Structures are given as C-alpha cells and as structure tokens.
C-alpha cells in the first residue's frame with residue numbers, strides 16, 4: 001500500500017495521479033482508514049482473526065476486469081469512481097491485481113491509496129470515497145461484511161445530511 005495526495009490532473013482516473021505529497025498510515029488512521037498487510041502461508045488465518053475482532057460475518061469475492069465483466073466493465077469502473085459513502089464499513093482484502101481507493105481528507109482533499117495483493121483496507125462508514133482499477137485493469141478482492149453482503153452507495157451531495165455522515169464527521173473531528 002502506498003498513499004499520497006491526489007494530483008487532480010485531467011489524466012484518466014486509472015493513472016497514478018501522485019502529487020508527490022505522501023500520506024502515512026497514521027495520517028490515514030486520523031480519517032478513520034485502517035490498514036493491514038497480510039501475506040504468507042497463514043494469511044487466511046490472520047484475515048479470519050481481523051474479521052472476528054471486527055465482527056465480520058460474511059464475505060465474497062469480486063473480480064473487476066474487462067474479461068470478468070465484459071461489456072459493462074467501463075460503465076462499472078466509472079460508477080465505482082463516483083464519490084460516495086456507505087452506511088457500513090467497506091472492507092477489502094486484495095487477492096490479486098491492483099487498484100486505487102481515494103478517500104477524502106479532513107480538509108476535503110483526495111488521498112489516493114494504491115492497493116495490491118495482500119493489502120487489507122477498512123474504510124469507515126460515512127467517509128466519502130471512490131474506487132478505480134489502475135492501468136492494468138484487473139483487481140480481485142475479498143469483500144467482508146458485518147451482515148448480509150450489501151453494497152449500497154450513497155452519492156455526494158445526497159449523503160451530506162444523513163446521520164452516518166454526521167457521526168463520521170464527529171469521530172474525525174475528535175481525533
């Protein structure tokens with residue numbers, strides 16, 4: 001995992017967009033983003049431990065690529081890149097490939113998080129974020145859920161005034 005401020009240029013969303021200003025794991029944790037690097041022979045055991053500690057009961061896998069998704073790939077990748085939030089945590093363990101999660105900083109700037117195989121990322125409920133594959137156009141991820149697998153985005157600005165967003169902002173300002 002590598003995190004940095006997004007450069008806001010007009011390049012394709014799948015390009016690196018590195019502003020040259022790095023963001024540390026500690027800085028990510030200040031906006032509620034958690035990160036683990038889980039690799040090796042006991043990776044699934046370590047993942048299961050984190051899942052149990054955080055009460056994740058269900059999981060599934062998703063492959064985002066032109067081969068796996070066919071004609072809808074470009075449309076889906078563009079929809080994942082719309083700024084949104086969820087009422088639950090978003091948890092992704094990267095099984096293969098690579099991509100980018102962008103999250104809003106406290107100052108409402110984009111922070112780009114480059115993920116690859118072995119990265120486990122938890123985005124808190126209420127944080128504005130977006131996702132895209134990188135220029136390789138392939139990522140395979142395990143999605144973990146506290147309850148039934150549901151992925152319901154609430155796009156900005158519609159989500160500005162919902163309770164989970166207000167709760168998130170209180171948590172971040174307390175840090």
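Keep in mind that glycine also has a Cβ here, set from the backbone N, Cα and C atoms.
These figures come from a predicted structure and were not determined experimentally.
Annotated in TrEMBL:
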BINDING   84, 86, 90, 129  Fe(2+) binding site
BINDING   84, 86, 90, 129  Ni(2+) binding site
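Positions of TrEMBL features highlighted on the structure.
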{"residue": "84", "record": "Fe(2+) binding site", "contacts (Cβ under 8 Å, 6+ apart)": "128, 129, 130, 153, 154, 155, 156, 159"}
{"residue": "86", "record": "Fe(2+) binding site", "contacts (Cβ under 8 Å, 6+ apart)": "123, 125, 151, 152, 153, 154"}
{"residue": "90", "record": "Fe(2+) binding site", "contacts (Cβ under 8 Å, 6+ apart)": "122, 123, 129"}
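Cβ atoms within 8 Å of the centroid of the Cβ atoms of 84, 86, 90, 129 (the Ni(2+) site) belong to the same-chain residues 85, 123, 127, 128, 130, 153, site residues excluded. Around residue 129 (Fe(2+) binding site), taking its Cβ as the centre, 22 other Cβ atoms fall within 10 Å, counting all chains.
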